[in-house]
Amino acid sequence: MINLQRKVLESELVSILQGCTTLNQIKRVHAFIYRNNLNQSSYVITKLLRVLTTLRHVPIHTYPLLLFSQVHNPNPFLWTALIRAYAHKGDIFEAFRLYGSMRMKCTGPVSFTFSALFSACGAARDARLGAQVHAQTILIGGFASDLYVNNTMIDMYVKCGLLPCARKVFDEMPERDVVSWTSLIVAYAKIGDMGSAGELFDELPVKDMVAWSAMVNGYAQNAMPKKALEFFELLRNEGVEIDEVTLVGVISACAQLGASKYANWIRDIAGSSRFRSENNVLVGSALIDMYSKCGNVEEAYNVFKGMKERNVFSYSSMIVGFAIHGSANEAMKLFYEMLKTEIKPNHVTFVGVLTACSHAGMVDQGQQIFATMEKCYGVAPTADHYACMADLLGRAGHLEKAHRLIETMPMKPNGAVWGALLGASHIHGNPDVAETASKHLFELEPDNIGNYLLLSKTYASAGRWDDVSRVRKLMKEKRLKKNPGYSWFEAKNGIIHEFFAGDVTHPEITEIKKELDDLMERLKTIGYLPNLCSVSYDISDNEKRRILMTHSEKLALAFGLLRSDAGSTIKIMKNLRICEDCHIVMCGASKVTGRKIVVRDNMRFHHFLHGACSCGNFW
DNA sequence: CTAGGGTTAG
């Protein structure tokens, strides 16, 4: 009778405990437990410990440990709760010390114990210890066939980067569930092997929302946005429920596609779901990124403003959005607004802020932020931040300063750092510095064709044709093929029209050519002269003029002028960097037509209006 | 108790 009452009391307590969210609430329940002589109940104390350790600011070695040590004969679950708490804090040493004590007292383990230990090993990337625990699961009867133990073991091996071991566990498991499959699918997706991920997914007998989302996100993360959308459609046809995580993958895929058609499509789906950007930071932040990558930074800001809750992702995405659109002042303003909130800037925030400064030529401000980011905001500069600084200084013409910064930086310069210097050397026509930067880049990124092209263009601008052909020869030896330049324009109906350089295959090419010729005539009246330096071949000036007129972004512009509503913004996307001559033409076109033109090249967005570009002719 | 998650520079 007494035992029954006790059981009822225990279970009531546990349900009260699960609703506790503050330390004071927990302490009150604890006092009650103590008064009712329940402080020896492993069951109740285990629950108490679990709730307590979800509070981040409570150190385990104080209150939780005290609770534990007051129980004379802790059962395996109570031991495990404490082990798990240390494991979650990343204290692998303490977790294993406790496991040792537990074994010495001849208690347990239970499957949860192994889960906690595997999670500790995974967090610490300690595969050696993980393998020892693996061995224990075999030695201590029964656990090697436990589904849950095996699932956590797979996860541990995956976190340690030992996919073959994880696969072996998976292949030898007597019983698998959708969790086991999904763990492995994600592991393959993370290393970029979507082929194996897809094979596993096909074999998976019962697919749930998480497994589907893993595929959608896997394709999105591996730059296969079309595939991601395809899987999302399949998932919806299957009648599978979607949630915020699924949505984020699709939104990121739409961001990569950069087309308004997809942006509007997923906006409506998200808007009619339970996960609207106003109430959901995850979806909201993803939409901010998507809109800015689709060229619509105004809409990105609308989403930002409409969000009830914001976090570091929302702010960083918005700051980066402003930065790539050349709205440096807005980016800075938002950064200072952010500093007034509780939200702390992180390394990405600073990349955004420094990029904004760099694109706007705000050298002093950028240098000041760079100098104080660690001291004032606790974010230590990484090589990426040094790349921003090399870009900031170099772009502004301080090539030597940029070079000196690189040579004195505390870590090994990466490709972005030398790439920034190379880009700056190209802008300022300094083949000698370009040569130095390239030497490093050819070692760091031997297959990145952009570096070879930029170097050869810098030589060409300086008239060093021998060096140009030397670089060309190098590219030939490495069998590097130049990507064909192309641009695209999204028509009102969402159909995308692609134009390659020198393209004559578009059905309306005659009209397009005529439109372009007309535009050129009008530009000449305001003083346009073809920028022959934009062609880095040693050919006649006439031939250069002809080639300039075949650039894909000019064809897309002419098509856009023909096929868009008067007064609307013309949006052009390009896979390579926009050339100087096309940039001049875009400026002029915005002036003579009175249209707003937005060009997204592979680096950033250019907003042309009234004859000027948001980048300040500075890119 | 175990599986899916967003922002990054040249």
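Heads up, the Cβ atoms here are built off N, Cα and C, so glycines get one too.
Here is what TrEMBL says about this protein:
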- A:527-619: domain 'DYW' (DOMAIN)
- A:75-109: repeat 'PPR' (REPEAT)
- A:146-180: repeat 'PPR' (REPEAT)
- A:208-242: repeat 'PPR' (REPEAT)
- A:280-310: repeat 'PPR' (REPEAT)
- A:311-345: repeat 'PPR' (REPEAT)
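Only residues 6 or more beyond the boundaries of the repeat 'PPR' (A:75-109), in the same chain, are considered here, and those with a CB under 8 A from a CB of the stretch are 42-43, 45-46, 49-50, 53, 60, 64-65, 68, 115-117, 119-121, 123-124, 126, 129, 140, 143. Proximity of distant same-chain residues to the repeat 'PPR' (A:146-180), defined by a Cβ-Cβ separation under 8 Å and at least 6 residues beyond the stretch ends, is recorded for 111, 114-115, 118-119, 121-123, 125-127, 130-131, 133-134, 137, 186-188, 190-191, 204, 206-208, 210-211. Model confidence over the repeat 'PPR' (A:146-180) is summarised by a mean pLDDT of 96. Taking DSSP states H, G and I as helix and E and B as strand, the domain 'DYW' (A:527-619) has 36 helix, 16 strand, 41 coil.
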